[in-house]
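Below: the structure, in structure tokens.
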Amino acid sequence: MAAPKVAVVGAGLIGLSTALCIVETCPSCSVAVLSDQFSPNTTSDVAAGILIPHTYPGTAIHVQKQWFKETFTYLFAISNSAEASESGIHLVSGWQIFKNTPKEESPFWSDVVLGFRPMSKAELQKFPQHQFGQAFTTLKCDCPPYLLWLEKRLKAAGVQMYTRKVSDLWELHSEYNVVVNCAGIGAHHLVGDEKLFPIRGQVVEVHAPWVKNFIRDADGSTYIYPGIHRVTLGGTREKENWSLSPDPDTTKDIFDRCCSLEPSLQGAQDVKVKVGLRPSRQSVRLNREVLSQGGVKLLVVHNYGHGAGGFSVHRGTAKEAARLVGECIAALRGSSSRAKL
């Protein structure tokens with residue numbers, strides 16, 4: 001069998017990471033990335049990119065923990081390498097704070113991040129409205145540089161990038177042996193997934209170089225995440241809102257909420273507003289599917305629906321998707337060798 005041709009649909013964080021894992025695990029493949037949008041115009045470019053997992057109700061906790069651990073290990077190695085600056089990955093310490101003490105004082109991921117511990121009384125004095133908190137060190141990805149770093153790695157490995165809008169996966173059946181669907185919110189129309197819905201996120205980026213620690217209200221509504229050059233302030237979680245237009249009232253609300261946690265942000269400058277649609281469902285869709293028309297078959301792997309937690313698990317789910325692609329290729333080789341007998 002000639003080198004199997006694999007198309008990855010989608011060039012956000014999930015698509016690029018999945019393409020890279022396929023190249024690493026199936027070096028004999030010819031891989032192409034097809035997308036109507038590349039960085040800086042993807043949903044991933046808006047993401048705050050901090051590694052604090054969100055729980056997927058429809059996915060077993062041990063699976064989520066494995067995805068997070070693989071992602072953390074991978075990015076931690078990059079943060080300790082000469083690639084750290086170019087890739088936009090760095091360690092950041094800070095606090096997750098609670099108005100009321102949670103039932104579980106240690107989340108499932110507490111032993112993956114670094115130095116996880118309850119906050120001291122002295123630390124909590126900084127946040128008089130909150131009565132409990134967790135201190136730890138995690139990783140932060142500055143998203144646009146990380147996406148460009150992934151693109152550079154893919155191009156060096158011979159992966160082709162095509163600006164192309166795919167309206168139906170079946171249109172690729174004559175060109176590719178396996179198609180990987182990493183279309184994010186686009187999968188709603190591309191494969192008619194009714195379980196997938198947008199959660200609109202608006203964030204504010206500011207220049208405030210004195211802010212060094214992250215602060216996250218535990219309900220996830222308000223957060224301050226310092227990056228290498230800018231600080232991301234958030235945020236919103238608006239279910240079923242498809243609007244990509246920034247809302248000035250929301251910008252003011254985000255800014256006021258963040259200033260209540262970190263008053264020095266009143267002096268922040270150079271405000272930029274970004275909006276993205278998180279592709280959300282009860283669980284990440286990560287599976288194989290065989291499409292067939294008139295006796296012709298197309299092997300498909302789905303990897304989408306990461307919602308607000310994509311950065312925390314992207315490498316883990318990409319590795320799993322690449323493993324499924326390997327299974328598809330083994331099945332193709334099996335059928336082609338049987339056809340020769």
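Cβ coordinates are placed from backbone N, Cα and C, and glycine is handled just like the others.
These come from TrEMBL:
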type	residues	note
BINDING	Thr43, Ser44, Val166	FAD binding site
BINDING	Tyr223, Arg278	D-dopa binding site
DOMAIN	5-324	domain 'FAD dependent oxidoreductase'
SIGNAL	1-19	signal peptide
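Everything TrEMBL records as a feature, shown here on the structure.
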{"residue": "Thr43", "record": "FAD binding site", "Cβ neighbours (10 Å)": "24"}
{"residue": "Ser44", "record": "FAD binding site", "Cβ neighbours (10 Å)": "29"}
{"residue": "Val166", "record": "FAD binding site", "Cβ neighbours (10 Å)": "20"}
{"residue": "Tyr223", "record": "D-dopa binding site", "Cβ neighbours (10 Å)": "24"}
{"residue": "Arg278", "record": "D-dopa binding site", "Cβ neighbours (10 Å)": "24"}
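Only Thr43, Ser44, of the binding-site residues Thr43, Ser44, Val166, have a C-alpha within 10 angstroms of the C-alpha of Arg278 (D-dopa binding site).
If you take the Cα of Val166 (FAD binding site) and the Cα of Tyr223 (D-dopa binding site), they are about 35 angstrom apart, rounded to a whole number.
Between the two most distant C-alpha atoms of the annotated FAD binders (Thr43, Ser44, Val166) there are 19 Å. For the pair Tyr223 (D-dopa binding site) and Ser44 (FAD binding site), the C-alpha distance works out to 17 angstrom.
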